[in-house]
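Asker: This is the structure I have questions about; it appears just below.
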Amino acid sequence: MHINQPRGIYNSAEETRSLLCLLSLALFVLQESESENKLDGETASDSESKSEFGGSSPVPTSDDTPEVLNRALSNLSSRWKNWWVRGILTLAMITFFFIIIYLGPMVLMTIVMCVQIKCFHEIITIGYNVYHSYDLPWFRTLSWYFLLCVNYFFYGETVTDYFFTLVQREEPLRILSKYHRFISFALYLTGFCMFVLSLVKKHYRLQFYMFGWTHVTLLIVVTQSHLIIHNLFEGMIWFIVPISCVICNDIMAYMFGFFFGRTPLIKLSPKKTWEGFIGGFFSTVLFGLLLSYVMSGYRCFTCPVEFNNDTNSFTVDCEPSELFQLQEYNIPVVLQSVVGWKTVRMYPFQIHSIALSTFASLIGPFGGFFASGFKRAFKIKDFANTIPGHGGIMDRFDCQYLMATFVNVYIASFIRGPNPSKLIQQFLTLRPDQQLHIFNTLKAHLVDRGILESLEDA
């Protein structure tokens with residue numbers, strides 16, 4: 001390796017983290033100035049008629065900016081006041097983000113789950129506020145019950161997968177693990193029966209609409225947040241790089257659109273332009289290459305998050321895989337005369353970062369378009385007022401959830417291979433006769449291939 005690798009979990013790479021913190025701050029502040037203008041024009045052409053469910057009014061929003069900031073910025077114009085509010089609170093959020101990274105993956109996973117619950121609450125609350133006049137029985141209760149069931153299923157699968165040895169040591173956990181899917185199905189079936197019993201005459205259609213509302217919300221929020229946690233177990237780099245690429249694309253698309261934008265891109269967001277879309281793409285690919293190069297040199301970012309059964313804690317320390325080792329690549333002959341090089345040394349992960357940044361640039365924005373269409377359908381500006389100047393938590397994660405799903409699929413398809421340690425763990429849980437059968441089969445296979453004989457001769 002041509003770069004000094006620090007050891008430990010989160011006690012190294014201070015200079016890199018400081019650089020990333022400053023860079024992320026700049027990215028977030030610029031992103032918020034883009035999101036401030038994104039909604040302008042989206043409702044100007046919106047002349048939809050009243051809803052078929054009774055013409056409900058928009059979900060109200062209010063200015064919940066802290067009073068201390070209102071007093072300090074009272075002399076500024078509304079535009080600059082909003083800018084400072086967003087910037088100050090963005091700095092606070094970034095500081096909090098790096099604190100939880102320092103505290104370790106367990107805390108970060110807990111935060112992901114809290115964000116998931118809040119996003120679910122914001123979307124369900126919109127449905128409740130829009131249709132509350134019907135006084136539907138059990139709607140909110142069943143919504144939260146289904147959230148509990150789905151989280152029990154997904155997190156139970158994760159615990160069984162990544163805490164296998166711990167689960168096998170404890171008898172109650174072993175029983176829950178063995179019958180986990182049956183218990184999950186029984187819990188969901190209970191909620192399903194409760195929904196059927198809650199049906200009220202004259203409101204059947206609306207109740208089924210809300211049943212679908214809840215399940216689509218679960219699909220969008222809970223499933224994808226669960227995939228974020230799986231990405232974290234693969235290494236922090238699979239979490240930080242995709243998020244940063246989405247932020248960078250938002251910023252650069254805004255910058256290119258602001259200075260060069262002429263051609264509208266999509267009616268849902270009239271201020272989006274083809275010039276910004278294309279400029280954001282190339283900028284994000286370049287940013288992804290640079291960020292990947294910096295992070296690939298540090299084990300605290302590249303090593304998978306694993307559970308140490310001896311210490312009952314998470315560890316992030318390993319020998320870097322080939323994905324994070326500098327290799328030499330030949331430059332195509334056509335480009336050699338342009339760049340003046342015949343070879344270039346880079347990390348293989350940088351090649352994968354091109355795929356991540358490409359998705360973040362070309363497909364990721366459609367998550368934001370989807371959220372914009374949703375908000376326009378209900379004539380609301382933000383999902384909630386959770387963060388002053390920023391809207392709701394869901395407003396900040398509309399593109400990130402789609403990106404997280406792609407990263408998980410990409411890892412499963414092109415990166416992750418068979419895990420020997422998990423195979424051994426499963427092997428040790430088999431009955432002795434099953435273990436002997438596998439042993440004899442494996443021995444015969446190795447002898448046929450000549451591998452076992454060569455080992456014995458050695």
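Placement of Cβ uses the backbone N, Cα and C atoms for every residue, glycine included.
Just so you know, TrEMBL annotations are computer predictions that nobody has curated.
As annotated in TrEMBL:
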- 1-35: signal peptide (SIGNAL)
- 38-51: compositional bias 'Basic and acidic residues' (COMPBIAS)
- 38-66: region 'Disordered' (REGION)
- 83-115: transmembrane segment (TRANSMEM)
- 136-155: transmembrane segment (TRANSMEM)
- 182-200: transmembrane segment (TRANSMEM)
- 207-229: transmembrane segment (TRANSMEM)
- 235-261: transmembrane segment (TRANSMEM)
- 273-295: transmembrane segment (TRANSMEM)
- 349-371: transmembrane segment (TRANSMEM)
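Would you situate these features in the structure and describe their surroundings?
Answerer: Within the same chain, residues 113, 117, 120, 124, 128, 180-181, 183-184, 187-188, 191, 194-195, 198, 200, 203, 206-207, 210, 214-215, 217-218, 222-223, 226 sit at least 6 positions outside the transmembrane segment (136-155) and bring their C-beta atoms closer than 8 Å to a C-beta of that stretch.
Sequence-remote contacts of a segment are chain residues at least 6 beyond its ends whose Cβ falls under 8 Å from one of its Cβ atoms, and for the transmembrane segment (207-229) they are 53, 109, 112-113, 115-116, 119-120, 123-124, 127, 131, 136, 139, 142-143, 146-147, 150-151, 154-155, 158, 195, 198-200, 239, 394, 401-402, 404-405, 407-408.
Counting residues 6+ beyond its ends, the transmembrane segment (349-371) has Cβ neighbours under 8 Å at 38, 237, 241-242, 245-246, 248-250, 253, 266, 268-269, 272, 277, 280-281, 284-285, 287-289, 291-293, 296, 302, 323-324, 383, 394-395, 398-403, 406-407, 410, 414-415 in the same chain.
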Asker: Considering pairs 6 or more residues apart, do the transmembrane segment (235-261) and the transmembrane segment (182-200) have at least three CB pairs under 8 Å?
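Answerer: No; fewer than 3 Cβ pairs under 8 Å.
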